[in-house]
C-alpha cells in the first residue's frame with residue numbers, strides 16, 4: 001500500500017509547491033485533486049463503519065483517563081453539565097467547519113476543500129482588502145496549528161506508553177492476584193524511562209510508514225477493541241460500591257474550574273481529522289450521520305467515566321483513573337490494553353502533520369528520491385516527538401499548554417470566525433452572528449484558561465503538580 005500511495009502521488013501532472021504541500025492528508029495521501037476524483041479512488045473510499053472507527057479512535061486518547069480529576073476540579077453537578085456543553089459546542093463547530101468547506105467547494109467548483117484552504121478561500125472573498133491580500137496566511141496558520149496540535153498529541157502518547165510500560169515492569173514484583181483497593185507505592189525505577197521511550201521508537205517508526213487510511217482502519221479497529229476492553233474493566237470496578245455522593249461538592253472553586261476547562265478542551269482530540277475523514281469516505285454525504293453518532297458516543301463516554309470515577313474515589317481521585325485501580329494483574333492489564341490502543345492511535349494523529357509536511361519536501365527532490373524523502377521525513381517526525389518526550393521535563397504540562405492554545409483555536413475560535421467570513425456577504429442573521437461571536441469569545445477564554453492551567457501547574461512544587469496533572473499515569 002505504501003508503494004501504491006507514492007505512485008499515485010507521482011501521477012499528478014503538475015509539480016507541487018508550498019501551497020500544494022499544505023494540503024491535508026485527505027488530498028495528499030490519495031492524490032485527490034481539487035478538480036476531479038478518479039472513479040477507482042471513490043470506489044476505494046472509507047465505509048461508514050471504517051470512518052466511525054477512525055472518528056472514535058481520534059477522540060478517545062490519553063485525556064479521557066484524566067476526566068475524573070477534571071470532574072473533581074469542577075464539582076459533581078457543574079462538571080457533567082459543563083463537559084456536555086463543551087462537547088455540544090465542539091460538535092457544532094465541527095459542523096460549521098464542514099458546512100463552510102462544502103459551501104466554498106461549491107462556490108469555487110472544487111471537489112474538496114480542507115481546513116486550511118477553507119480559511120484561505122474565505123479570506124479571499126471577505127470585504128477587508130488587507131485580509132484578501134494576505135489570505136494565504138490563513139492556510140499557513142491553520143496548517144501550523146494542526147502540526148503543533150497533532151505532534152503534541154503524539155509526544156503525549158510517547159510519554160504515556162513509556163510511563164505505563166515502565167510502571168508495569170517495575171510493579172510486576174509487587175502485583176498480587178487479589179484485587180484490593182490500591183495502596184500508595186513508592187518504587188525506585190531500575191531503568192530510566194528514556195530507555196522505554198527508545199524501545200518504543202522503532203515500532204512506532206514502522207507503524208507510521210503506513211500511509212493509507214483504509215489500512216490504518218484495521219489497526220484502528222484493534223485499538224478500539226483494546227480500548228473497549230480496558231474501559232470495560234475500569235467501569236466494572238468504579239460502579240461497585242459507590243460511596244454516598246452527597247458528601248461531594250456540587251460546585252468546586254472557580255480556580256480549580258479553570259483546570260477543568262483546559263482539560264475538557266484538550267480531551268476532544270479529533271477536530272483535525274474531521275474534514276480529512278469526510279474527504280476519504282466512499283460517500284461523503286453520509287458523514288453527518290457518522291459525526292453525530294460518533295461524537296454522541298464519545299460525549300456519553302466522557303461524562304460517564306468522569307462522573308462515575310469521581311463518585312467512586314471522591315477526594316482521593318488521582319491524575320489518571322489508573323492510579324486509583326487496584327494493584328492486581330487484572331487491573332494492571334488495563335494499562336497494557338490502553339497502551340496498545342494509544343500505540344495505534346499514534347499513527348492516526350501522526351497522519352495529519354505528515355501529509356502537510358511531506359508534499360512540501362518531496363516537491364524539492366527528483367522522482368527517484370521521492371520514496372527515500374517520504375520515509376526520511378516520517379522517521380524524523382517520529383524521532384522529534386520522541387526527543388521532545390525525553391528532553392522536556394513534565395512533558396504532559398508543556399504539551400497541555402501547546403494543546404490548549406492550538407486546540408482551542410482549531411476547535412472553538414476559528415470555525416465560528418470562518419462562518420462569519422464565509423457567509424457574512426450573504427446576509428447572515430443577527431442571531432447567527434451573535435452566536436459565532438460568543439463561541440469565539442468562549443474559545444478564547446478556554447485558550448486563556450488552558451494556558452493558565454499549564455503555567456500554574458508548571459510553577460508548582462512537584463508533589464502538588466502531580467496531584468493535578470492530567471497525564472501522570474501509574
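Positions of Cβ are set from backbone N, Cα and C atoms, glycine also.
Per TrEMBL, region 'Disordered' is recorded for 8-38.
The compositional bias 'Basic and acidic residues' feature in TrEMBL is assigned to 11-22.
Annotation comment: TrEMBL describes 23-36 as compositional bias 'Low complexity'.
The transmembrane segment annotation in TrEMBL covers 81-102 (among others).
The transmembrane segment annotation in TrEMBL covers 140-160 (among others).
Annotation comment: TrEMBL describes 193-210 (among others) as transmembrane segment.
Panel annotation: around the transmembrane segment (217-238), residues 46, 50, 53-54, 56-57, 60, 207, 210, 301, 304-305, 308-309, 311-313, 321-322, 325-326, 330-331, 333-335, 337-338, 340-345, 347-348 of the same chain, lying at least six beyond its termini, place a Cβ under 8 Å from a Cβ of the stretch. As annotated by TrEMBL, transmembrane segment applies to 217-238 (among others).
According to TrEMBL, the transmembrane segment annotation covers 258-277 (among others).
Here TrEMBL flags 289-309 (among others) as transmembrane segment.
Per TrEMBL, transmembrane segment is recorded for 369-392 (among others). Counting residues 6+ beyond its ends, the transmembrane segment (369-392) has Cβ neighbours under 8 Å at 3, 6, 9-10, 151, 154-155, 157-159, 162, 194, 197-198, 200-201, 204-205, 208-209, 350, 353-354, 357-358, 361-362, 398 in the same chain.
What TrEMBL records for 398-425 (among others) is transmembrane segment.
Here the transmembrane segment (437-455) has Cβ contacts under 8 Å with residues 89, 92-93, 258-259, 261-263, 265-266, 397-398, 400-401, 403-405, 407-409, 411-413, 415-417, 420 of the same chain, all six or more residues outside its ends. Annotation comment: TrEMBL describes 437-455 (among others) as transmembrane segment.
Within its own chain, the transmembrane segment (258-277) has Cβ neighbours under 8 Å at 24-26, 46, 51, 54-55, 58-59, 61, 63-64, 66-67, 69-71, 73-74, 79, 82-83, 86-87, 90, 93-94, 97-98, 101, 112-115, 118, 146, 149-150, 153, 213, 252, 287, 290-291, 298, 302, 348-349, 351-352, 400, 403-404, 407-408, 410-412, 445-446, 449-454, 456-457, 468, 470, counting only residues six or more beyond its boundaries. Outside the transmembrane segment (81-102) by six or more residues, the chain places 67, 70-71, 74, 112-115, 117-118, 122, 257, 260-261, 264-265, 268, 271, 274-275, 278, 287-288, 291-292, 295, 298-299, 302-303, 306, 411-412, 415-416, 418-419, 422-423, 436, 439, 442 with a CB less than 8 A from a CB of the stretch.
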